[in-house]
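In what follows, a structure is listed as structure tokens, so that the remarks can point back to it.
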Amino acid sequence: TMASPDDLKFQEFEEATDLLLADPGASTLSMSGSSSTAPAGATGDIKLDMSDDEGQEESSELLRGEKQTSGFWTFEYYQSFFNVDTMQVLDRVKGSVMPLPGRNFIKHTLQSSPDLYGPFWICVTLVFSLAISGNLSTFLNSLGSPHYHYRPQFHRVTIAAVVIFLYAWLVPLGVWGFLTWRQREERQQSGYSFLETVCVYGYSLFIYIPTSVLWILPFEWLRWLLILVAMVISGSVLVLTFWPVVRDDTKVTAFATVATIVVLHALLSIGCKMYFFQTATLTPTLTPVPTLAPNHTAAILTNKTH
């Protein structure tokens, strides 16, 4: 007589029980939906396959945008914006000093992956570059004057830090807020994020670091020429980046937005030059000559006659 399927299952269970009684330390593996037992040596392969499945699920969640990210109040949220290597920062610096027509800095250079590492250190370097170069320029302009006494002006570091960091954060905040409001009013496509706007503004300031160093040279015409070159380069980065976002708006709004961006950028560069590298005009101090009283003058004349 042939055994029924239930008898075969019961017999397999009895064989497994006998094996466990004979060797209690043997490893077992239970797989749902399978009627055969796997050897103990296959455990590692199955674990590896399970980890691969977990990695695929995690990557699919990231692609679908379903994976939960850390909140903006956590350290992990901001750590991702500093997770860049040296080559990425150098490529972005290169893109900020060599703007090309038709190349959007955010789309082509940042590739929708902004960072705060580069803009932060660019602003810090620019602060000390302005303060130190300004002190050296004042010292060299006044060198050789007997009426000049050098005093290090440390307050310039504080002023430079306030000006640079306020510009690098408040101006992008205003630009981002205005563009977001206009896009909602006009029902346009979504533009740049706030961090992308901060990133492009931070990298656009890099050209002023070598410019501020060259401002030490005591030639006023050269300083204004360097200002013009720096404004053209950094302003081109901003115009080429924000023009594709505002060109679909009305002509008046588009040109007014771009003009405001350029004017604020020009005011920053001209203001830094005028304050930190102002031409010192030294007025010689005259030593007062003591005047003689009338009675002393009469006494001197009397002595001369004798």
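Backbone N, Cα and C atoms are what each Cβ position is placed from, and that goes for glycine too.
Features as listed in TrEMBL:
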| type | residues | note |
| --- | --- | --- |
| REGION | 24-65 | region 'Disordered' |
| COMPBIAS | 25-44 | compositional bias 'Low complexity' |
| COMPBIAS | 51-60 | compositional bias 'Acidic residues' |
| DOMAIN | 97-268 | domain 'Yip1' |
| TRANSMEM | 116-137 | transmembrane segment |
| TRANSMEM | 157-179 | transmembrane segment |
| TRANSMEM | 191-209 | transmembrane segment |
| TRANSMEM | 221-243 | transmembrane segment |
| TRANSMEM | 255-276 | transmembrane segment |
Intrachain neighbours beyond the transmembrane segment (157-179), with Cβ under 8 angstroms and 6 or more residues off its ends: 119, 123, 126-128, 130-131, 191-194, 197-198, 200-202, 205, 242, 245-246, 257, 261, 264, 268, 271-272, 275-276
Distal contacts, the transmembrane segment (255-276) - CB-CB under 8 A, six or more residues away: 130-131, 133-134, 137, 156, 159-160, 163, 167, 171, 175, 178-179, 204, 208, 212, 215, 223-224, 227, 230-231, 234-235, 238-239, 242-243, 246, 249
Overall pLDDT for the domain 'Yip1' (97-268), taken as the rounded mean: 88
